Each structure stands twice: as C-alpha cells, then as structure tokens.
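Chemist: Dumping what TrEMBL says about this protein:
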- 8-139: domain 'EamA' (DOMAIN)
- 12-34: transmembrane segment (TRANSMEM)
- 40-59: transmembrane segment (TRANSMEM)
- 71-89: transmembrane segment (TRANSMEM)
- 95-115: transmembrane segment (TRANSMEM)
- 122-140: transmembrane segment (TRANSMEM)
- 152-171: transmembrane segment (TRANSMEM)
- 156-289: domain 'EamA' (DOMAIN)
- 183-203: transmembrane segment (TRANSMEM)
- 215-236: transmembrane segment (TRANSMEM)
- 248-266: transmembrane segment (TRANSMEM)
- 272-290: transmembrane segment (TRANSMEM)
Amino acid sequence: MTTRVLKAHLQMLGFTALLGGSFIASATISNALPPMVITWLRYAIASLFFVVLLVSQGLLTLPHYRDLGRYTLISLPPLLYFACMIFSLQTTSAINSSALYTTVPLMSMVMSVVFLNAKSTWPVVAALLLGILGALLIIFKGDLSQVLRLSLMPSDYLFLFGCLGMALNPIVVKKLHRGEHALVLTGWSLICATLLLTVIIAYQLPEIEWRNISVITWSGVLYLATFATALSFFLFQKACIVLSPTKVSGYVYLIPLSVIVTNMMLGQTINWQEIASGAILVIIAMAILVKAK
C-alpha cells in the first residue's frame, strides 16, 4: 500500500468519525428550523470557511463557467442526501436511518459498474454483505430479529432516496475531477451548492425568527457546517480521487461504531457485549475491502 493510498484511508476514517456525529447533531436540531434552512446554513457557513481558506492560500479565482457547472453537478448528490436526511429525521428515528444507510456501499458498487465500468470481485461483494450484517448487528444491539420488525414510514423511503445520492457521490467526484487542488474542488462545490440553495429557499429566510434560535440549535448548525460539511467534504473528496467508489462507500459500515463512540463521549453507557459480534464483522469486512484490488 502506497503512502498516498494510506493517507486516503486515514482521510476516510476521519470522515467517518465526523459523519457519525452529524447523525446526533441533525436529530437534535431537525425540528428547530425548517429542514432546507438547516441545510442552507450548514452549506453557507462551510462556504464562508472555504472562501477564507482559499484566499489565505492564494487559490480563490473565478472558475470558467463550464467548471462552475461541473462543481454544481458534484454538489448535487450530497445535497440531495442531506436534504432528505433532515426532512426524514423530523418523523423517523435515527435507528431506522442508520439501518437504511447500510445499503449505500452496495448501491455504490452497482453504480460503479454501470457508470465507471468498474469490475467487482466476489470477495468485495462478500465483504459488503458482511459489512451490512455487522452494521445491523451493531445498530440493533445483536438482535437481528428487530430487522424483521422494522416498520418503515414514508419518511424512511425519502431517506433511502437520499442514500442513492450518497452512493453516487464518490462516483461523481471521480468522474468529474479534472486535477485541480482538493481545496478548490471542495470549496467551489460548496459555494455552488450554497448559491443553488439560496435561490430555492430565499422566500423562507425572512420568515425565520433568527433572534429566537437557541444556543443548542446554533451549536448543532456550527458542528454540521464546520466539521460534518466543510472538513468532512474535504476529506471525502480527497479520498475519492485516490480510492475506488466501493472502498470509499465501505466506510459507511464504521459509522454505527462512530455514533456509539460519540454517544459514549457524551456520557451514554454502552453495553459492548451487545455489539461485539457486529464490530468484529465490520472490522473483517473493512480489512477485506482495504486489501481488495
């Protein structure tokens, strides 16, 4: 494994840790503001962060209109996912969302075959299935019978549609990357997404009682903007340039563990015996995916 590939895997580990916290933050603030306003705020703040960063690095120049179109296309899959997630979490549970999210790597593998003519091997397919099983064991605390009792609501199907966007995300980045600096790629994709969102929700902004937004809500928004959007997008897109979409999406299986560790840091008691078998399966699945060609 080359140093470049190793760095990409470490970047995906960082992305996974940040995304795990986003589930908790999103669930906490999902009813405090309109869903699209939350999404707009996280993108707007993240874009401002990158504008400052690009200026400081001497990288802020107006792209060609074709590149602006390319950056807009790159921004659409995650934008679809985050919008669907915020809407769905108003009426569904984090458990349902976490369970459905485990389908992302398989979706990504299928779409890689379709759009990138990628070839998949049986060990990779087996690792993906093993990862789904392990992640579900973690989510349902070792009791897979709960999967059969899982009751899906209309909002869950909306979230599943958003998962299609997340599965398509690494494919779009790999397909549309033209060799520019990762800071430029991430910064302009965030800026284009913010401009698009501003047009869509401009009518809602004057109706928001900004002074009445609680400190907890602002804290959640700032976490989503700085860590779960700006930093996580940068890490994700850098890794996408190096790794295959299937390997990138495979890190989804570590997210339930990331959520558990985050909850533990917030003081929640964790029964490790309930999730041990799932954690072992996820680690085995990830080891296979990392080594797969």
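Cβ atoms are placed via backbone N, Cα and C, with glycine included.
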Chemist: Using DSSP, tally how many residues of the domain 'EamA' (156-289) sit in helix, strand and coil.
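Modeler: Split into helix, strand and coil, the domain 'EamA' (156-289) gives 114 helix, 0 strand, 20 coil.
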Chemist: So, by DSSP, how many helix, strand and coil residues make up the domain 'EamA' (8-139)?
Modeler: 107 helix, 0 strand, 25 coil
Chemist: Mind checking which residues of the chain, 6+ beyond the ends of the transmembrane segment (71-89), have their Cβ under 8 Å from one of its Cβ atoms?
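Modeler: Counting only partners 6 or more residues beyond its ends, the transmembrane segment (71-89) has Cβ contacts under 8 Å with 26-27, 30, 35-36, 38-39, 42-43, 63, 97, 155-156, 158-159, 161-166, 168-169, 172-173, 176, 185, 188-193, 196-197, 233.
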Chemist: Determine which residues of the chain contact the transmembrane segment (40-59) at the Cβ level, with the cut-off under 8 Å and only residues 6 or more beyond its ends counted.
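Modeler: Contacts with the transmembrane segment (40-59): 33, 79, 82, 181, 183-184, 186-187, 190-191, 193-194, 197-198, 201, 221-222, 224-226, 228-230, 233.
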